[in-house]
């Protein structure tokens, strides 16, 4: 049995995304922990190797801050690009950590947020298809739809990872940790 463990500041961990059927979806090879508690994990990565379920690999193009919360069914990736900060929000199970990686189940729905604050809900067709193929329980559908609403409120209210201070503080912390 693998024990649960909270990653420590400065530690490098893997992030593993699964699908509802238990199959691996995507793996980020290295993320540096900036904050790790029972409820929140914040990390940073840059030019990180990502492996897809079919074995294909690619490398992230820009620095990013990642945000995971144990009570919400989403995670947020804040990407620093030349024309501004973009957010990619995955509707997912709350995270768990063990000695191997930080892990979550990806539930297909995503929200992309642009530097001007506009956002779009993505992959609704994929969600419907996988909900039928993998028999997502009705309760999960209700939880995910409720969390889409929560996430949209956070975006509009600039709350949590969407707050300008959040980005500034955690990006600076990531830069400092990378220097050592």
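Each residue, glycine too, has its Cβ placed from N, Cα and C.
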106, 110 bind Mg(2+) 1 per Swiss-Prot; candidate in 90, 116 listed for that same site: 90
Residue 106 (Mg(2+) 1 binding site): nearby recorded positions from 26, 123, 126, Cα cut-off 10 Å: 26
90, 106, 110 excluded, remaining Cβ within 8 Å of their centroid (Mg(2+) 1): 17, 74, 75, 88, 89, 91, 92, 107, 108, 109, 123
Shell of the Mg(2+) 2 site beyond 108, 110, 123, 126, same chain only (C-beta within 8 angstroms of their C-beta centre): 91, 107, 109, 122, 124, 125, 127
Top Cα neighbour of residue 110 (Mg(2+) 1 binding site) in the set of recorded positions 26, 123, 126: 123
Fewest Cβ neighbours within 10 Å, where candidates are the binding-site residues 108, 126: 126
